[in-house]
Structures are given as structure tokens and as C-alpha cells.
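Report on the structure given below.
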Amino acid sequence: METSSPWPPRPSPSAGLSLEARLGVDTRLWAKVLFTALYSLIFAFGTAGNALSVHVVLKARAGRPGRLRYHVLSLALSALLLLLVSMPMELYNFVWSHYPWVFGDLGCRGYYFVRELCAYATVLSVASLSAERCLAVCQPLRARRLLTPRRTRRLLSLVWVASLGLALPMAVIMGQKHEVESADGEPEPASRVCTVLVSRATLQVFIQVNVLVSFALPLALTAFLNGITVNHLMALYSQVPSASAQVSSIPSRLELLSEEGLLGFITWRKTLSLGVQASLVRHKDASQIRSLQHSAQVLRAIVAVYVICWLPYHARRLMYCYIPDDGWTNELYDFYHYFYMVTNTLFYVSSAVTPILYNAVSSSFRKLFLESLGSLCGEQHSLVPLPQEAPESTTSTYSFRLWGSPRNPSLGEIQV
């Protein structure tokens, strides 16, 4: 947890010192300039990238149902809300002007509530997406029946409702108060800060639960599910015949996020097990291996991004909570002050890089994203729809796309 002055107040401030000295805040000008530049870059790229992602989801594929579009929309809206609401307030009242807090008690509670809401919504959305992908890869036939756009909308609605409930306590334990009193016992207006209002014991319990629910458990679940997904896909791919086998081809691009592609792959396996000539299967080659490796790397990158960006943030919160008041030396105060700004910067970076992850996951999304970007930059390029699916035939190839719905054989065609 933190205040608009990230340094805990000194036990016995001297009345002869300036207010900033009495409250323990001394941010160097170089640090203010540096973090302002970093915040500005994150804000510019994050808002532009996520806003364009929302535009791509809502406009480029309007009228076409799809589940992944809802996950992308949920993550992009969460990132936009965090960047637009929290970052400007923090830059002003946490980096440049620590005292007094200028946004009022409601602004203080709202700032922390929005930040917690977006954190919960992001990590739970990523976990739900990983769960859907795991089911789609490991049980493609069942996933085709169970995973529908309507159920995905309900799941993400539940994610946001749960995030609202989990973030509400933050609006209770945080608030505005005056840290310093004048000689006549009246609160000094210039010492108004946004800080913790509850006891240390209550704060410790809250932070423990918060770190567990908003970081450790969802991230562990995401890593576990992604690990199962990668291992299962590797096992499937290992069953592809070598170049000497008398079969023609497997799909040339196997995207990890396509259960339709996995369904086609399962169909091929069943056909092959019967000794039937698999005319839709091509030999394993280097490009297919690179495609599989790319898909696995994307899933690992999603986990790595959130570990790198969020672990220091939560470690710093635990540090603030568990170091006793008499344990804060001048050196520790100084370290925490700048560590605070570094961890919050990383926290916002996680919101800015989500469009990069979308583009890494899907070449189709990347194409639409770049076309939208080009049209907004004045280039004479319209959003070209993805190629229509080829007519059904025994010689057609499968298309593996984030948004795609390639034709798959019916259950009757794959029964053994």
C-alpha cells in the first residue's frame, strides 16, 4: 500500500523543518523528469494501442461472432481504464507534487478502487482465456460444444462483477487525512495526503489476501494451464509422420489459439489410425516447427510479462506493510521512495504491452491492427476482410486464424 507520499511519516517531526522534510519526501528533479518521460511514453503507446485494439474488435469484425474478441475487449478496456484514470493522478500527486492531495477523499478512494479493479479484471481475464485455450487444445470436440460466445460473455461478466467485489475493500481502507497538525492542534491543510486509514494489523491481512487473490493464485493457474496446453500440443505434434511417411501434409500454420485447428488435427489422427490416405496432411518441416515454437513462446511470454511487471509491485506492497515503523532507516526510506516509482512504472507497462501480445498471438489480428493503424495515419488502405473460406472439398486446406471459423468435419466423419 502507499500514500501520496510513499515514505511513511517520521515518528517525531520537528516543527522547525519544512513540511516535505517533516513528512520525509525528497524526490530529485532528475527522477521527476525521468519518470515523467517514462509515464508519457507508456500513456501514449498504451492508450493508442488499446484504443486501436478496441476499434479492431468492434469495427473490423462487426457482426461476426467469436469468443476471443470478448477476451481482447475485456483486457483492452481494463488497460484503458487504468491508464486514463490512474496514471494522470499518480503522475501529478505521487511524482511531482506529493502534498497536498488535491483530488479529495472521493478521488483518493476512487483512484485505488479503479487500480485494484483493473488489476483483478486483467489477471482474471487472462486466467479465463488460458482455461478456454487449455480446454480447446486438450478437448477440442468438447470445447466446440461447450465454449460458445454467449458463455464467454457470461464468464467475462462474472469476471468483472467479481473484480468489482474484490476491489471494493480498497475504497474503504484508503482515504484522505492530514498527517501534520499545527501548533494549536488544527490539521495543517498542506499536509493532506491519500493514505491508509486502518490499523497495521488490518492492513497486513488485507495485503496478504490481495497479493494471493490478485497475483499469486491467478498467475499460478495461468502458468499451469499454459504448461498443459503447450505439453499437449507438443505431444500431438510428435505424432506427425516424418518426411518419409506416405502422407501429404498437416496444416502449415498451427496456431495455438485455434480449437478449430486442433479439431482438424484430431480428425487427421483418427483418419490416419484407420490407414486411410490423409490427403490433407503435409510432411513435417522447419516452418511447421517454427510455428509451433512461436505459439509456445507466446504463451510463455504472457506469463513472463505479468511476472516481470507485477512481482516487484506486490513485493513493494508487502515491504511497506511488514517493515515496522522503527525499522525505517534513512537509507531504506530512500530506496523505497525510488523503488516505489519503478514498480508502479512496471505495473503500467503491463497495460501498454497487451496490444503487442495480441499481435504476437494472431497474424489475422496483426493484419487488421496494421490496416486500422494505416487508415488512421492517412494511408489509402481500407480494412480488407479476411479471405473467404474455400469451398468444401477433399483437397482444401485448413485456415488457422484467431477470428477464423474454418470448416471442420462433422462428428459422423471422424467416428472410428
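In case you wondered, yes, glycine gets a Cβ from its N, Cα and C as well.
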Exercise for review: Please state if Cys108 and Asn359 fall on one side of the membrane according to Swiss-Prot.
Suggested key: no
Exercise for review: Based on what Swiss-Prot says, identify which of Ser182, Ser410 is the phosphoserine one.
Suggested key: Ser410
Exercise for review: Identify which of Cys138, Cys194, Cys309 is listed by Swiss-Prot as the disulfide partner of Cys108.
Suggested key: Cys194
Check your understanding: So which of 33-55, 65-87, 155-176, 298-318 is most in touch with the transmembrane segment (217-237), counting Cβ pairs under 8 Å?
Key -> 298-318
Point to revise | Of 65-87, 155-176, 298-318, 338-358, whichever stretch has the most CB pairs under 8 A to the transmembrane segment (33-55) | key: 338-358
**Study point:** Residue among the recorded positions Cys194, Cys377 whose Cβ has the most other Cβ atoms within 10 Å
**Key:** Cys194
Check your understanding: Any residues 6+ beyond the ends of the transmembrane segment (65-87) with a Cβ under 8 Å from its own?
Key -> 39, 42-43, 46-47, 50-51, 53-54, 57-58, 110-111, 114-115, 117-119, 121-122, 125-126, 128-129, 132, 147-149, 152-153, 156, 159-160, 257, 348, 351-352, 354-355, 358, 365, 402-403, 405
Exercise for review: Quick one: average pLDDT across the topological domain 'Extracellular' (319-337), no decimals.
Suggested key: 82
Study note, to complete from the structure: Reduced DSSP state (H/G/I helix, E/B strand, rest coil) at Cys108 (disulfide bond) is helix
